[in-house]
Amino acid sequence: MKKLNTQSPDFQAGLKALLAFETAQNPETERIVADICADVQKRGDAALIEYTNKFDQTNAKSIDDLILTQADLKAAFERIPNDVQTALQTAARRVESYHQRQKMESWSYTDEDGTLLGQQITPLDRVGIYVPGGKAAYPSSVIMNAMPAHVAGVKEIIMVVPTPKGERNDIVLAAAYVAGVTKVFTVGGAQAVAALAYGTETIPQVDKITGPGNAFVAAAKRRVFGVVGIDMVAGPSEILVIADGTTPADWVAMDLFSQAEHDEIAQAILIGTSQAYLDEVEAAMDRLIETMPRRDIIEASLGNRGAMILAKDLDEACEIANYISPEHLELSVENPQEWAKKIRHAGAIFMGRYTGESLGDYCAGPNHVLPTSRTARFSSPLGTYDFQKRSSLIQVSEQGAQKLGETASVLAHGESLTAHARAAEFRMK
């Protein structure tokens, strides 16, 4: 891991270098995705079947071979162990409870001239959620993407999940059952994103696509944005821990590992105010790494993008955190709620020594789909509001037509838009 000290004259340069991440799009990936999207848009189901058989090594004869029914999802739920059933239900219940509180409601008011103004909230009609498939599958992603849509009142939630070599993951399908997914198609990659965006003979066009995927999925989401909405194009996973030295070093070490084990370009950063404590955490990491099944990935991640930063105090640590704008921020300090008030930019803030980031990944309640790559400066977590729309309401009274008409007429003439002005003037006495 890199070692940085805020008192060093080259600290800012070192921090910028640490956060630099090459996000340039691969031209070859973009070309392949463009061809796939165009083909699916043109040939529909036939293209989808061909690409699925080619990339996932399946042997689908027709689109019916790629459809899972509610009965299939229920059967998957019944096949998994009881403790896993309970865990899925507990996580879904907590995520649902949290996202209920995010639900936007319609409102209106009448101003002094009798004009009614307001905002009408409606859910999206149909959404698609992309879920990675195969052995390394993530049922938590199903819950985090589907449940907010369910709470928002979306009538149709369509899930696509690849099944390489026909391998289905029962826990993922069980999560879909618990989270209220309407339909499931066993397709993945750019072809699945294109099918959701453009529609095929069998897969209906959705209004928005959410969920994580590989570089091809990300490129496809970028390409279809505008035809449909998307949640975000996520970068590598990130964690920043601010520690005051009161949390056991082993706990902090494992929290850093929890993000580093995602992949070699994930980022784990620790900011401390004591060199002795940073050394203690480093020693704990050296000891605990021996027990990690994904040791190679963790070591590569920490070597590539990990860091320990020595700050002069917690105020400075918080300012650094605001600059980094991390996906996950742990405030492993005393009085964490007070320090949280100093944080302006973070996807999720985990307060106190007992609030490990992994609890938020699975079952605390808030969404784990979070802005990465410093986009927390202007972006927010996935939520119920992402599956709702706002429409403005305006009902002008006869009296209001006089008052507003005068203003609109003057402004319209100022813009040389005569018809606009006349439309307002016709309603004036």
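Residue numbering: from 1, along the chain as shown.
Glycine residues also receive a Cβ, built from the backbone N, Cα and C atoms like all the rest.
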Swiss-Prot substrate site partner of S237, Q259, H262, D361, E415, H420, selected from H150, H328: H328
Quick one: largest C-alpha distance among Y130, Q191, N214, binding NAD(+) per the record, in angstrom? 13
Quick one: what's DSSP say for E415 (substrate binding site), helix, strand or coil? coil
Integer Cα-Cα distance in angstrom, S237 (substrate binding site) to Q191 (NAD(+) binding site): 25
Sequence-distant neighbours of Q191 (NAD(+) binding site) in its chain (C-beta under 8 A, six or more apart): I36, V40, A47, L48, Y51, T52, F55
